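Annotated features, as they stand in Swiss-Prot:
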type: BINDING; residues: Cys16, Cys19, Cys22, Cys159; note: [4Fe-4S] cluster 1 binding site
type: BINDING; residues: Cys26, Cys123, Cys126, Cys155; note: [4Fe-4S] cluster 2 binding site
type: BINDING; residues: Cys59, Cys62, Cys67, Cys101; note: [4Fe-4S] cluster 3 binding site
type: BINDING; residues: Cys71, Cys91, Cys94, Cys97; note: [4Fe-4S] cluster 4 binding site
type: DOMAIN; residues: 7-37; note: domain '4Fe-4S ferredoxin-type 1'
type: DOMAIN; residues: 50-81; note: domain '4Fe-4S ferredoxin-type 2'
type: DOMAIN; residues: 82-111; note: domain '4Fe-4S ferredoxin-type 3'
Amino acid sequence: MESQARVKFYCDEARCIDCHGCDVACKEAHHLPVGVNRRRVVTLNEGLVGKEKSLSIACMHCSDAPCAQVCPVDCFYVRADGIVLHDKEKCIGCGYCLYACPFGAPQFPKSGIFGSRGPMDKCTFCAGGPEETHSEKEYKLYGQNRIAEGKVPVCAAMCSTKALLAGDSDSISLIIRERVLKRGSGTASVPYTWSQAYKD
């Protein structure tokens, strides 16, 4: 990916086929422990023929991230491109970020003999963490750093129907607009695209 103003994810529910390729790719690429799902597919109206819609959900890297606002140890930080990351070595596992996140993105692996929470884990937009880029420590704590390699996140790269889009908000917004107009839905549904929802 080239230099962006602000990066975002968008899942086109008209294209998502509930294959779980995105969440499996994420889990495999980052070697996530059992119980930690940085990305998940949710089906709305399940069982209602013709009304089912599936969405791939993860951290949305909010412009004004509520998780960062409630963290008592300030383990969150926002990169210049808008990616919201956290420092696992600062995290105390309190869970405030989970309660604040409208997407349920923060995940807490169990650790210790009594099943206490370990440091929080969440989607990193495949941008690693605060450790040295491509270091063994960064990979162990945060997984692949595809952004440093100029690639899109693995979940979006593996989406066979291109329902899951990742990249700079302007480019994603243009793709969404084109798709909506091609579907014949008109411009009535366009205002909910990233260019309006997330002002830089």
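Positions of Cβ are set from backbone N, Cα and C atoms, glycine also.
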Ranking the binding-site residues Cys62, Cys94, Cys123, Cys159 by other Cβ atoms within 10 Å, which is at the bottom?
Cys94
For the [4Fe-4S] cluster 1 site given as Cys16, Cys19, Cys22, Cys159, which other residues of the same chain have their Cβ within 8 Å of the site's Cβ centre?
Cys11, Ile17, Asp18, His20, Gly21, Val41, Ser54, Ser56, Cys155, Met158, Ser160, Thr161, Ala163, Leu164
Can you list, in sequence order, the residues of the same chain other than Cys59, Cys62, Cys67, Cys101 whose CB lies within 8 Å of the CB centroid of the [4Fe-4S] cluster 3 site?
Met60, His61, Ala65, Pro66, Ala68, Val84, Cys97, Ala100, Pro102, Phe103, Ala105, Pro106, Lys122
What mean pLDDT score does the domain '4Fe-4S ferredoxin-type 2' (50-81) have in the model?
94
Cys19 ([4Fe-4S] cluster 1 binding site): which of the binding-site residues Cys26, Cys71, Cys91, Cys101 is the nearest Cα neighbour?
Cys26
Taking the Cβ of Cys67 ([4Fe-4S] cluster 3 binding site) as reference, which residues of that chain separated by at least 6 in sequence fall under 8 Å from it?
Phe76, Val84, His86, Cys97, Ala100, Cys101, Ala105, Pro106, Lys122
Work out how many Å separate Cys94 ([4Fe-4S] cluster 4 binding site) and Cys123 ([4Fe-4S] cluster 2 binding site) at their Cα atoms, rounded off.
18
If we count other C-beta atoms within 10 Å, could you say which of the binding-site residues Cys19, Cys26, Cys71, Cys91, Cys155 has the fewest?
Cys19
For a three-state summary based on DSSP, what are the helix, strand and coil counts in the domain '4Fe-4S ferredoxin-type 2' (50-81)?
5 helix, 8 strand, 19 coil
